[in-house]
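Taken verbatim from TrEMBL:
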TRANSMEM  6-24  transmembrane segment
TRANSMEM  67-87  transmembrane segment
TRANSMEM  99-120  transmembrane segment
DOMAIN    150-295  domain 'Palmitoyltransferase DHHC'
TRANSMEM  196-223  transmembrane segment
TRANSMEM  258-284  transmembrane segment
Amino acid sequence: MDFLTLFLIYLCFVLAVTALLCLCSGRKESFLTRSVNRASQVLALVIPTQLQRLTHRALHRLFHTRSCLFMVLHVALQAAVFGEYTWEVFVYCWELQFHILLLLLPYLLLAGNVGCFLLCSRANPGIVTKSNAASLVKVYAYDGVLFQRGLVCPTCTVEKPARSKHCSVCRTCVHRFDHHCVWVNNCIGASNAGVFLLYLLSLTATAGAIAAVTAAFLIQVLLLSNIMHGTYLDAQGQEHAVEIAFLVQHLFLTFPRIVFMLGFVILLTLVLGGYCSFSLYLALTNQTTNEWCKSRRFGGSPHLPSQPHDRPLIYKNIYSKGIWRNLKEIFNPPTVLERKKK
């Protein structure tokens, strides 16, 4: 029971931290941000100045400049998971006569995911330049709250189209800016938002498929080894928990790498599934991550933002056109000519 208790505590802790990060990430001055700032101030009193500077430079290098480090980490994690899946799970499942299509499903999903990954990382996200700024300004209307007409980017020295934002990492303005993704080392904008959504869906499906096949294999092993019998099937109460702990320990000692991989891909599936759900919500409501985060500063209201200036600004999403048209716009972003026809 001790092993199972520690395992559940560890799993709950990881899930709680992940949920806390997701909930607090969109707040301007969240409790998490204030806590980190206060902790940094306390640590600054005991950490040498040179070490602080080195840490700041390393963090700035990782998260505020374009770097292939996370792309390499992304590929390394996929290689490690599929290496373990191929050399152990696939071989064992083949001996147990699992259906070949079930075993090949993760590889098929991986092929689609790699294709979307390459397209998303190499694509032009919709960079605003002096040559196309005048036409991009006419694509989306200014809502008067999040996006004001006539603003000029001080870095790019071009008029900022509605729904655009200057990316400090790429050092360019991006049309319909969503966010900068370190995993693909590129901004997500009007031109690659659809591919990025497919990338997320395929990555989640890949992790889920590996988790399903691996879990089916471990269950099959338990059934064939006749472990699930006796008091586990007949006893009540605490004996069930003791037997479950014994099963987990047995699997961990027999297939430690497979069990570790299963726990990792299950957690990855849950995290990616939550992020996919959020991304689908944004796509169906025609919002970007940047707009969603900024809109939380304002309250929702049926009134248009063209209200008197002496009242507080209230945000209203003027870009939503219905679920189907919103989803279509992700994969086929509008142009100036299309907007004039409407």
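Note: Cβ is positioned from N, Cα and C throughout, glycine not excepted.
Here the transmembrane segment (196-223) has Cβ contacts under 8 Å with residues 81-82, 85, 89, 92-93, 96, 98, 102-103, 105-106, 109-110, 112-113, 116-117, 120, 178, 181, 184, 188, 247, 251, 254-255, 258-259, 261-262, 265-266, 268-269, 272-273, 275-276, 279-280, 283, 330 of the same chain, all six or more residues outside its ends.
Mean model confidence of the domain 'Palmitoyltransferase DHHC' (150-295) amounts to 84 (pLDDT, 0 to 100 scale).
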